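A short worksheet on the structure shown next.
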Amino acid sequence: MQCQSNTELEALVEEAKQQTQHGKIADYIPALALADEDKLSVALYYPDGRCYSAGDIDENFTLQSISKVLSLALALMDHGEEYVFDRVGQEPTGDPFNSIAKLETNKPSKPLNPMINAGALAITHMIKGDSVEDRLQRLLAFIRKLSGNKSITYNHMIAQSELETGHLNRSLCYFMKQHGVINEPVEELMDLYTKQCAIEMNCLDLARIGCVLAMDGADPVSGEQIIPWDIARICKTFMVTCGMYNASGEFAIKVGIPAKSGVAGGIMGSIPKKCGIAICGPSLDDKGNSIAGLKLLEMMSKNYSLSMF
Ligand code: DON
């Protein structure tokens, strides 16, 4: 499917792009530092198959934390709500995405929500399968179905780079293993999690996934219910309360749509019953969200009255 370039969107992208100079590329995963920080692109995908885009739309980027929404959906489909939320909480945190602080102070020790790294690691632990490879293939098959793109896979170099340097995530795993939140070998979980975060696609693919969530889990083309509607609802609710980390409150006021960001600069938006949005802009603000992407969504929300509040 081809996306139609849209001149009005192109103008907004050009304006928002000026923000890129005030941000910084994530370099704590060394391979991410190779991205071009001036880039910005956007795609909108509607349930009738219409798609509008602006910017470097063919560029691939890794999902990073955006993958947390999709692994959550799969874990909920694998185990049900009760099992999942017995082990991972549902409350936002005012802390950065990789913080270990609340794991220790929260009693009994359980990650506060599935969007912070600790919670996401606990969720990835729940993905069913006989081996890391089997679990990865299940997640990939699910994401290929959501995006309608059968060729989606993960970026080996970026996964490897995070596996070699992700010692903070490793420490979150060890802490949770000590407290019985996870019980598999830490290196196996790290292997699966880093591959999950390195799943790669372009804005069109991601906007289509946002659209499936917007349509309560139904495929916009075939109508197939890929995600049960109540799980799609849970995912969108977490996107509102925790999707932009400790900037989620401000984002709800300024933009007002369920959205999830990743440190590669991606943002997936999902406007209930309307459309999916995807943005990629690798220059980040100090909370790990795409700085120009935030500006662009703010302008789009104002111009097209996107806020659901
Ligand atoms: O675990 C990590 O640190 C990365 N793989 C993902 C973090 C991330 O995307 C946070 N988002 N803004």
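The backbone N, Cα and C atoms fix where each Cβ goes, glycine too.
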Substrate site partner of Ser65, Glu162, Asn169, Tyr193, Tyr245, Val263 (as recorded in TrEMBL), chosen from Asn6, Asn113, Asn117: Asn117
Which same-chain residues, if any, lie at least 6 apart from Asn117 (substrate binding site) yet have Cβ under 8 Å of it: Ser65, Phe97, Asn98, Leu168, Asn169, Leu172
Asn169 (substrate binding site): tally of other CB atoms within 10 A of its CB: 23
Sparsest-packed among the binding-site residues, when each Cβ's other Cβ atoms within 10 Å are tallied, from Tyr193, Tyr245: Tyr245
CB contacts for Ser65 (substrate binding site) [other CB atoms within 10 A, all chains]: 24
Where the C-beta lies under 6 angstroms from ligand 1, the matching binding-site residues among Asn117, Asn169, Tyr193: Asn117, Asn169
Most distant Cα pair in Å, residues Ser65, Asn117, Glu162, Asn169, Tyr193, Tyr245, Val263 binding substrate: 20
